Amino acid sequence: MSRRLVAVLFIDLVGWTSLAERLDAEPLQQFLERYYDICVTAVDRHGGIVEKFIGDAIMAVFGAEWSGEDDGLRALRAALQTRSEVSRLAVSGLDPAGPGVHCGIAAGEALVTRSAHAGVRIVGDVVNLAARLQSAAQRDEILLNEVMVRLVRSHAVVAPMPPMKLKGKREPVPVWRAVELADASAPVRTGVPFVDREAERTGLVEAYRAVTSTGRAQALMVLGPPGIGKTGLVHEAVERLLGETPTPLLISGACQSFAATGSYGPLGQMLDALLSHADVARQAATIRGGRVLEVLAQLRTPTTADGEASGPGTEEISWAVRELLACAATDPLALVWEDLQWAEPALLGIIADLADRLLDHPVLMICVARQELRELPPRNPNDGPDWQTVHIGPLGRPHTLDLVGSLMARGQPAEVVAHDMDVVDRIVDDCAGNPLFAELMVETLALGYSLGDVPPSITALVGAMVDRLPPAATRVLEVASVIGTTFTREQLATMAVESAEGVLDDLVRRNLIACARPGEYRFAQQPVHDVVYGRLDKRQRLDWHRELARQPVNRAFHLEAAVHLLRVLAPDDPELPELAQRATSALLSDGTTALRRRNLPAAIGLLRRAQDVPPGANEAAHALVAVRLSDALLLGGDLAGARAAVERVIEESPGSRAGVACRIQLGLLAVRSGQDGEVSVAELTEDLRHEEADQLSWCRLDQLHMLRYLAQGRFLAAEQSARAALRRAEEMNDGYERDRLLAALCEVGQWSPTPIPQKLAFCGEVATRFAGDRCLLVPVLVAQARLLALAGRLDAAAEALAQAHQSVMDLRLTMAAVLVEQGYGAVAAVAGEHERAERHYRSAAQGLEDAGHRPAALAVRALAVRERVRWRCDDRAVVEIGALRDQAAAMDLHGRLVAAAAAARVVAESGQPPDDEADEVLRLLARTDDPCLRGDVLTDLALAHRRAGDGDRARRMAQAAADSYAAVGASLPGSGIRERS
Amino acid sequence: MTAPLPWRRERRAHFPGLPAWSVRAAMAKDESFEVSAFPEIDARWAWEGADGGGVRVCVVDSGIDGSHALVAPVAQSWQVVADDRGWPRIEPCEPRDLAGHGTACAGIIRAIAPEAEVSSMRVLTDGKSGTGAALIAGLEYAIEHGFDIINMSLSTTRPELRLRLSELADRAYFRRCVLVVSAHNLPVESYPWNFSSVISVASHDQDDPLTYFYNPAPPVDFHARGARVLVARPGGGVVRSTGNSFAAPHITGIGALTLSKHPWLTPFQLKSVLYHCAANFGRVP
């Protein structure tokens, strides 16, 4: 049982009812017998099977038992033959127009089953569609659906009809009418640009030159997978031969995929072409008293229906052909045999024999076939010419790019187009150097389908290739398609598939798969994978995906595929929720790993897929997926997406646990983007009151507290919240949350009132833990550097920064580079190198502005100006302080304090008492517990008061600053203030 | 026999794997051509310290997503719509971009010239394609509205549009509005990038956004970064893309930097300054 692309043909007599009324039962029966006979013979002759008779209507299927890649075309041929033969049925007493038929042919995917009592059965919408098309068809009309048209377009003339409203179809269906078959002798595909293959073309021309110079035969076997451009190459080369002197007499013919047995393929047609040359015909007539022509005439008579074989045997035909060719080969002759993979052994024998026996004649023999035909029947190696084999492989990427580019340009209907190449790139990737695939994919796009849709012609082509495989190879290919577009021999082995070297090699040779490294394989082209997978019965797919989900590789992918299949096959299956749960967890786990590695596109993709798995019983995983996805999107700079990811869950399940976790995430996002006011922590806490077990939500709520305290300047509280969150992360054993919180704690520690030695020890521990991930390490190193500087260990601080800087440069971390600049500024400031500190702070502020972090940028700019004031209180400093003070509303507390303290110094510098600014600083200071910030701004106030001549206040401020530094153990600025005061 | 001068030689076969008209940077670097130089003009003179401030750029494309962090703000945004009689009409619209192409171009300009004022004229009304009538209406409007630089990463192969586009390109040139237009990705005739009145740009394969090469063999004037460029994607985030589409906005950005520092440069002077600052420009000893 499998899903296959089939063509379904319905044939029905016109006016059957009135015929039945007018004819007596006996002649009616006789008529019907002849009618059925015509239909069955036509279907049979073109390789279809009659699935059933419905009164006077007949349903036939092409491609059900085996795909011939031209199933659509054969269905059409059968319909045309039936129409023509039925119209010639003479029925006495009927009107002169005679009997007629109307037909409908639809191609599409259907499930093909076989059973002992019912034979072959076709299940699928395509059957209904074909029946509807047939009833819509007028007398003598053959109506086709769109897939049929895409399959036969290059072989038949079709005319579009107005879209039809068909019974049982919601939308009008596009319909075409078959007019006639295209001229078979014309090249099948025209206008496809020919690229590259220069070496092969030259090789063919060289072979011809050898023929003309030596007068002896040359034989070439051109091999390659379907669509690779063998025919195009040979046609191009032949064009060149016709420009050579002497010009060859060119005879060519192609085998058909389905031809009546004993017909010798294109031989008859090729010989006719030869005999059309009068002198050849005249000479041939003289051989053995005309026996040659006699034999050839019998060859061209089709086999009779009753299979009576009274014609000449293969030996006689071989002799006649040889004699005829020898007559013709007085001048150079080029014989081209195409599609020899479909040739009968008898024809192959004749060709091999010809090459041997015509060795002494100027004949160039070119045989074109797919790889499965590796050589002609064995012959005596001393006899004939050396067969030269030309393998045609995929086009190189640059040439594929050229080909796809020009195909796109040719089919470009738009007047104005953008100059990007996204679509071109995708087709180049997917077609993997196969020109036919490229052409069909471009055509698919031009017809308005999306890029992922496999064109039906490719489905037919690949399906036919798979059907010709030995069963063991088919099995390997099918299992491989479920494993993925790439697979290993080991994976096949775990699926208990016999994957002997020979089978895989055979598949490689047929260009269905390619070997990437020993033991590792991939499907040759994306569509090959898609077709093989698409042909599998969905129940089989489900079983194998489940089986593969037990392996460690790609578990998430297989579980996910299994869930989607089970939902379609058995939506009520009791196992579905559990399977969905496992799929979600596996995708979440992979997504989180990608997120920890900061592979954002992968993380976002995996987590989105996790979100699309239908929720099972475990809401916690569902919430976690949304929260992680939101984190990943935020990290990628997509704030709106980060919100949307959690808002979706809140809307879907407002009161649930998942809903609460997502609302907390929304709060975190609001605080991060400076919209603190929108968050009601009390409400969230209330909602969580009865959910003690929901560790994730509590952990995230603690983080929300932390962020809010940070924004408020309450660093001890922030530190405590971070610690609480860290404990929960550790209890949950959630490495992702833990790492985030460890980094956050190091950063918060720079400003909290916890003693510096304690914080340094913590940073040291974290640095050891993060040693393997330099990206995580950078913020820890920066925090460490600042703390070291405060503790007076400037050399160690410089070392930590140098290490951070190196990581930033090596890994090209833009935002972390800004952080390192800030670190340099802070250390230089502590060291009293104010000019240098100003420079670093300015650069950091610019970086923050470029990235759109305005409040942070303003705060760092305030630090830069403060540093300037400390070394040169000039006009620029005055102007900048003024500008910053105007933007106080957009600044955080830290920035406002620094700017106000710097303003106090500027005011004092101009000789005024800095009373207003000092008041403002003291008022703002009451709101923060950052001891070093406190020390810094009080130091500025002390200096301002001293400049303004208020020694008393200056001393008091200096003492307060020194106390503040001492409390936390900031010995270096502490000693500085003592010296100055 | 000496090699023909670059501007006389046969069109070079294009480099496999790159858009048509483009070059490998390694080859562009080594291409030698004689120059008459103004020695004081170099990149330092042209744009060092400049941020694009005061320069008005219009991206004539598929629209711009004004909410994207790497692109915002979008100063003004218009689109071409068909009126009752099917004639194109310009109307203001929300800064949005469903196809993503204009957003990608605007992001490149913003990254190079952060303070430039960027506006959007949506003429690609059907994904990444549109009609000639919409292009002409949108371009004419942008030229009339006094933009300093118009970026067009698009073209038409229709000969019937050639004359009208050529008139518009000349009008822009005389109004001191610089048209920076990307070359087609295929070796076909299309317009308006191959007019002498515009600055035409194809790709090179290096990653540096400020590295570009002068091309002495017309019709392409410059080769700028256009392969595997990380570009802004509508709705947030970035994606890697290739095409001459992304080379043109690099030159637009660099042009905006230059004009913000030297606002009185005319289009012909700007092209000349860009020529002097190209990475392959040999200094006269």
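Placed from the backbone N, Cα and C atoms, the Cβ positions cover glycine too.
No curator has checked TrEMBL annotations; they are predicted automatically.
TrEMBL lists B:52-278 with the feature domain 'Peptidase S8/S53'.
In this structure, B:Asp61 (active site, charge relay system) is part of a beta strand by DSSP. Here TrEMBL flags B:Asp61 (among others) as active site, charge relay system.
B:His101 (active site, charge relay system) falls within a helical segment according to DSSP. The active site, charge relay system annotation in TrEMBL covers B:His101 (among others).
Listed in sequence order, B:His101, B:Ala104, B:Cys105, B:Ser153, B:Leu154, B:Ser182, B:Asn185, B:Gly226 are the same-chain residues six or more apart from B:Ser245 (active site, charge relay system) with CB atoms under 8 A from its CB. Residues or ranges marked as active site, charge relay system in TrEMBL: B:Ser245 (among others).
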Cβ packing number for B:Asp61 (active site, charge relay system), 10 Å threshold: 30
The domain 'Peptidase S8/S53' (B:52-278) [mean pLDDT, rounded to integer]: 93
For B:His101 (active site, charge relay system), the number of other Cβ atoms found within 10 Å of its own Cβ: 31
